[in-house]
Every structure is written in structure tokens, then in C-alpha cells.
Amino acid sequence: MRKPFIAGNWKMYKTPVEAAAFVRELKDSLKDVSGVDVAVCPPFPALWPVKEALEGSDIALGAQNMHFEKEGAFTGEVSPAMLQDLGVKYVILGHSERRACFGETDELINQKIKAAFTWGLNPIFCVGETLEERERGITKAVVEIQVLKGLAEVTAEQAENLTIAYEPVWAIGTGKTATPEDAQEVCRFIRELLVNLFGKEIAEKVRIQYGGSVKPENIKELIVQPDIDGALVGGASLKVDSFTAIVKGSI
Ligand code: PGA
């Protein structure tokens, strides 16, 4: 039985001061909740204050991106070593906004995923098709390429600490959610790919989140699907009430 995993992807929202105040409230709101893993992924400048504010709570800290090198002349980048030093547990990699706005390729994402494992960070690896790809009926082919390229050279041992987020691009920030059945079908397909890559035992341990307009109103119908083990939440993770309701709805 996989433990549900709800992660908040804050994107480029909340200053460090706002972020710390938010998690102090969130900590209180989730204090009696168990049976679910929860993470918040603030922007880089808020990681340290959020880490301090989370002290004494089970809420984990995540980042939204990183470079794959330990250090170097890469102006504006943040390294896995820096995230590890900060006590970051998870790192979102391959988000569709990184792919679309910053030109991240499957090959680059693969380098980042391997670097994350090297540094003891647990990747939340995002995959998903665009609306055009769905309408052309190539959703599975697109997701298959993303999964296979993204996970090239990842070992079964490493994959135990992997989370995959299936996020149809057309459902992100649009208010449109995939039907639970459609989301399940792709998540089931992803798990089959994982079976081929890492064997059944490991594939059954990997948590697959759904992402794309997850809200308190739809978390329940998503989480009951056999291959959906949680959610990567954008907009609804920015308010304590809605994020708390999603976390509680996932148990
Ligand atoms: P959304 O974003 O919940 O606002 O649709 C999800 C994501 O981009 O991870």
C-alpha cells in the first residue's frame, strides 16, 4: 500500500516573509493529520525561512528546479549540493513550465534526475501531454518518450525514491481536470513502463501523483484510482484552507 503524497508547487509566488508566515499557519492546520506525506516547494529565496518555520513538523521541504552540476560558472543557477545542504528532501524536475518556458529537454531533465539521486534528493519527475497531443491521440506515446528518456540510466535502487507527477499540460492552471478515469489510464500506463524498467516490486513502490487543477472538490475521486497516489498541486496549494482540504481529502 503506497502512502498518499501531496506536494504544493508554489511556482513564482510568495516572498520569503509571506512563505514563512504561510507555513506557520499550515503547520498548525495540519498538526493532527497523519497517514499522508506532505511537502511544500517554495521558490528558492524562501527555502531557508520555510525550513526554519517548518521545524518540528512532518511537512517536508521541496525545491522546484535545480542545475545538475555540483558547482560552477553557471550564473543564476542553483545546485543539488546547495539544496542538500539546506535540508531539501524533494525536487520537482521536468515541470511543463520548465520545458515550455525555459526549453528544458528530456536529456537535460535526465541529467538533473540522475544528479538529484546522486545528492540524495528525491525527484518529483513531471510528465504530460499538451492538448494538441491529446487530441491527436498520442498521449501515451508522448508520455512514454518522456519517461524513458527522463529515467535513462536510473537504477532500480534509485527509483525507489522516485515520484512521478502525471500532469496533462492542458489541465495546469486552467481549471480543467482530466477525468479520474483518463488520469488513471495514463498513470497505469506509467506504472507499466516502470515495471519494464525496474521490475514489478519497485514499480509498485513508486508514487505517481496527478497534477493539473487539483482542488478540494476533486481530490477524492482522483485518489481512489488505483494508480494515483497523490497530487502535485499548484494554485490550490497557495491557500492554507484549500491545501489542507486537499491533504485531508487524500487520506
Ligand atoms: P495547478 O498546477 O494545480 O495550478 O493546475 C499544477 C502544477 O503546475 O504543478
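Start at 1 and count along the chain as shown; that gives each residue its number.
Any Cβ shown, glycine's included, is placed from N, Cα and C.
Site annotation for substrate in TrEMBL covers N9, W10, K11, S213, G234, G235, and the matching candidate from G56, G72, G173 is G173.
Its Cβ placed at the centre, S213 (substrate binding site) has 21 other Cβ atoms within 10 Å. G234 (substrate binding site) sits 11 Å from H95 (active site, electrophile), taking the Cα positions as reference.
All protein chains included, K11 (substrate binding site) registers 19 other Cβ atoms within 10 Å of its own Cβ.
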